[in-house]
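Undergrad: Got a structure for you, written out below as structure tokens; questions coming shortly.
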Amino acid sequence: MSALANQKILLGVTGGIAVYKSAMLLRALLEAGAEVRVAMTAAAQTFVTPLTFQALSGRPIHTELLDPAAEAAMGHIELARWADLILIAPVSADFMARLSVGMANDLLSAICLATTAPIALAPAMNRQMWLNPATQENVQRLTARGLLIWGPAEGVQACGESGPGRMLEPEALLDQVSAHFAGGALAGVKVVLTAGSTREPIDPVRFISNRSSGKMGFALAAALRRLGAEVVLVAGPVALATPAGVQRIDVETAQEMQLAVSEQLAGCDIFVGVAAVADYRPREIAQQKIKKQQTVMTLELERNPDILADVAAAEDPPFTVGFAAETQNVKAYAEEKRRAKRIDLIAANRVAAAEGGFERDENALTLLWEGGGESLPMMLKSELAARLAARIAERYHARTQQENS
Ligand code: CTP
């Protein structure tokens, strides 16, 4: 049976050059077996006429809120009730702003206000519009209300700029829709994950950091999301696009990372520490740039909080997963670390030169948990992430079952 057979999807289309991609998305959804109806805003119709979508879907396109004929056939309330999922692709900055304040001044916004179906948004806009605090506040508000935000991707944009704001490709959106309906091994499970490095400032222009690229953490966030988890990614400064459907919180220092994690712990079922958190930070941050006066300079450092250990030591801790980077005795040191931090599962990797680890696209991992383990050989980080995510899901359910028996 097709992946999306019998699923009723209302495809909302708002204004933006990415509208041409939603015509392809419509085809992909239909080919996957979904029943699709299309509602277009006035702005969307200035890019592509409803006729294109009508020809592809074989159904009339919904455009008017106050058209008696349209309302008599299938009005906004019927459409709102009919849909199992409302997917708005592309969603413009303007439409998100209207959604966030609950406006209902056209057909699509009225449907969104009247529905109890999940609403997924695939943003597409110029990078500055996406990064504008007004848009970001709307995204936060909509996420907090339970709307799903899929994308945007980073890359070259129609306006010639490069950065976040491209709509996810139709195939990626189809994957998201399929994952949404499939439920997945981690459906309904909240995961908080740290990734990347942290930066510990020395003065206004210098900092202490490390080589972590964030690739493993981001790949794992995407893999956990594909298993249906609600994923919050607390990211240090890295140059990576946010995985589709993942909520990202950017931080710089270990202390900021700890604060962001603690704010997300309510309702968290699984915590994964992938970040290479700086163990120490300068005791004092110079207010002005430090001048090179001495031949030898001493920096006094103090310990940063151990975010993973603190989460694991909480009263009712989530299932905790940690990483260990070792240059020798990988298994023994990692097991020691697992016990010392009292975490449920540890993923250890060797960081000796030419053996994977930081800044590379491939890696190998040794997984250890109470009473078991698994060796994952050298492979692409994306594949490794999928294997690790599956193991995390399996161990998480094993622990939950044990607690309930
Ligand atoms: N971690 C953390 N907060 C810190 C340090 C580490 O949350 N301040 C987490 C990392 O995200 C990772 C694990 O703890 O999951 C790594 O533990 P750590 O003891 O720092 O490992 P190594 O860096 O390998 O430690 P060491 O230098 O002691 O070998």
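A Cβ is built for glycine as well, from the same backbone N, Cα and C atoms used for every other residue.
Okay, these came from TrEMBL:
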REGION    1-190  region 'Phosphopantothenoylcysteine decarboxylase'
DOMAIN    8-179  domain 'Flavoprotein'
ACT_SITE  Cys159  active site, proton donor
DOMAIN    186-394  domain 'DNA/pantothenate metabolism flavoprotein C-terminal'
REGION    191-405  region 'Phosphopantothenate--cysteine ligase'
BINDING   Asp279, Lys289, Pro305, Asp306, Ile307, Leu308, Phe323, Lys337, Lys341  CTP binding site
Undergrad: When you measure from the Cβ of Pro305 (CTP binding site), how many other Cβ atoms are you left with inside 10 Å?
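TA: I get 15 for this one.
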Undergrad: What three-state secondary structure does DSSP assign to Asp279 (CTP binding site)?
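TA: Coil, per DSSP.
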Undergrad: Look up Pro305 (CTP binding site) in the DSSP assignment and report helix, strand or coil.
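TA: DSSP assigns Pro305 (CTP binding site) to coil.
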Undergrad: Tally every other Cβ atom lying within 10 Å of the Cβ atom of the residue listed as 'active site, proton donor'.
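TA: A count of 13.
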Undergrad: According to DSSP, collapsed to three classes, what secondary structure does Lys341 (CTP binding site) have?
TA: helix
Undergrad: How many Å lie between the Cα of Cys159 (active site, proton donor) and the Cα of Phe323 (CTP binding site)?
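TA: Here the two Cα atoms are 41 Å apart.
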Undergrad: Under 8 Å Cβ-Cβ from Asp279 (CTP binding site), six or more apart in the same chain: what's there?
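TA: Those within reach of Asp279 (CTP binding site), by Cβ under 8 Å and sequence separation of 6 or more, are Arg303, Asn304.
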Undergrad: Can you give me the average pLDDT across the region 'Phosphopantothenate--cysteine ligase' (191-405), rounded to a whole number?
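TA: Mean pLDDT for the region 'Phosphopantothenate--cysteine ligase' (191-405): 92.
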Undergrad: Among the binding-site residues listed here, Ile307, Phe323, Lys341, whose Cβ has the fewest other Cβ atoms inside 10 Å?
TA: Lys341
